[in-house]
Amino acid sequence: MTTMFPRFRTLSSMVVAARMTRFCAVQAKHTLPDLPYDYGALEPHISAEIMQLHHSKHHAAYVNNVNVVEEKLAEALGKGDVNTQVSLQPAFRFNGGGHINHSIFWRNLSPSGGGQPCGDLLKAIENDFGSVDKLREKLSAAAVGVQGSGWAWLGFNKESKRLQIATCANQDPLQGTTGLFPLLGIDVWEHAYYLQYKNVRPDYVKAIWNVVNWDNVGERLIAARK
């Protein structure tokens, strides 16, 4: 019997090593996505200075930090260190969420945005909110009402097949924390608007509707329904 225990430990180590090899093989570094427009393209509604800082500093920090956290998670997983894995979850949630949220946000906006949605997206909005104006009113109120930092979202509930408004604190990702598929997000962290709108968040929220990329929101609805 005594000769079995060292062999068992060796096999266990081999299993862990194999799992780590597979994990590392599929784990790629996250990268900062390019904006589909110039930093100044959303002016006068969102200034070039805000866009540059928001994208190249804030989003870049989330990307760098989530890569570091994932490396530490991989190391803890390889060691079977559950305590460290648990302790890393808040940083993983914050920085991973920040990367997810901003990657959606940039494409939710467009220099040729604004106006009205059309097609299936318009039908869904009218069915679930009554009108586009009602949607704007409700989503704007949710964004202005976020306490501290966070996001307001138009999401798709796959169970009810309906559009739904929700808010998330800090950088919590919508789908990972509520189950709703994110269609349109409004970032109400102060770094998204303070340099231009100071502490008047309602003015920023009102302005952002001028650059909403309804085509992108509609494409996301199609993806959510699959």
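Backbone N, Cα and C atoms are what each Cβ position is placed from, and that goes for glycine too.
Note that the structure is a prediction, hence the values are computed from the model and not measured.
Copied from TrEMBL, the annotated features are:
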type    : residues                      : note
DOMAIN  : 29-110                        : domain 'Manganese/iron superoxide dismutase N-terminal'
BINDING : His54, His102, Asp187, His191 : Mn(2+) binding site
DOMAIN  : 119-220                       : domain 'Manganese/iron superoxide dismutase C-terminal'
Which entry in the list of binding-site residues, His54, His102, His191, has its Cβ near the fewest other Cβ atoms, using 10 Å as the limit? His191
Residues that sit under 8 angstroms from Asp187 (Mn(2+) binding site) by C-beta distance, when 6+ apart in the chain: Asn101, His102, Phe105, Trp151
